[in-house]
């Protein structure tokens, strides 16, 4: 009997569903826009009823409740996304599909996928896109006590050239996400990020903020590498700008385990597939435990 694994990337703008064979090769994939919880969850249930799998890995936007002893385990909790606050995502899926579901954050899933693809068991994954999130793995396991990390909302030093910008985070204003996520570019300049020229000074400002997040991760978690994904990182030369800022900020305080080019890097899984691969392996971990 063939074994198949499912992946759900539950994003704030789109859901990506995928099926893999027992060797983690994608055999089917389906994307659709994230709309209302009812419509979006119904589409997901329909897909997996038509494409049966043994277990599902689910990486979701958040915040989410990962505390297994909590009454709201499996919920999307205090999200700013309209209509999605306090939605029992896992509960609805499990009731309809009756299969094991491994629930974690979207960035944790990406971190896990990168770990499996590279063999590196101590890493941090930061995604810089519509929002900012971070996942970390130490010795092959996710970090976190009763919940998950919220690296996107860490406090950072403001760039001296834009002290008047209040930030866009609805909770904290000028946290990392508030000043460095994709929408902050348009809020500051009035221009969509993808239309801003590569030599605009705004990219130096963004790299200054993202490099601070990399410094914080380095000094608190001591990973083997930091992986930067998300739409903002698709800008040409963005990674090199961040690497230069990082080296300047670190100021030779500690030795890195490798060159900065290998230490701060882009994802190794092609076509934004880190989370999908991670979800497959997380589903596998549940299936083999059953």
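Each residue, glycine too, has its Cβ placed from N, Cα and C.
Over in Swiss-Prot, the protein carries these features:
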type    : residues                          : note
BINDING : 130, 183, 231, 232, 233, 234, 235 : ATP binding site
BINDING : 153, 169, 172, 175                : Zn(2+) binding site
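Note on the binding-site residues 232, 233: the fewest other CB atoms within 10 A surround the CB of 233. Within 8 Å of the centroid of the Cβ atoms of 153, 169, 172, 175, where the record puts Zn(2+), the same chain has further Cβ atoms from 152, 154, 155, 167, 171, 173, 174, 176, 177, 178. In the three-state DSSP reading, residue 235 (ATP binding site) counts as coil. Within 8 A of the CB centroid of the ATP site residues 130, 183, 231, 232, 233, 234, 235, the other residues of that chain are 128, 129, 182, 193, 230. In this structure the C-alpha atoms belonging to residue 175 (Zn(2+) binding site) and residue 231 (ATP binding site) are separated by 19 Å. Taking the Cα atom of each, residue 232 (ATP binding site) and residue 172 (Zn(2+) binding site) are about 21 angstrom apart.
If you compare Cα positions, residue 130 (ATP binding site) sits closest to 169 out of the binding-site residues 153, 169, 172. For the pair residue 153 (Zn(2+) binding site) and residue 183 (ATP binding site), the C-alpha distance works out to 15 angstrom.
With the fewest other Cβ atoms inside 10 Å of its Cβ, the least crowded of the binding-site residues 153, 172 in this structure is 172. For residue 172 (Zn(2+) binding site), the spatially nearest entry among the binding-site residues 183, 231, 233, 234, 235 is 183, judged by CA separation.
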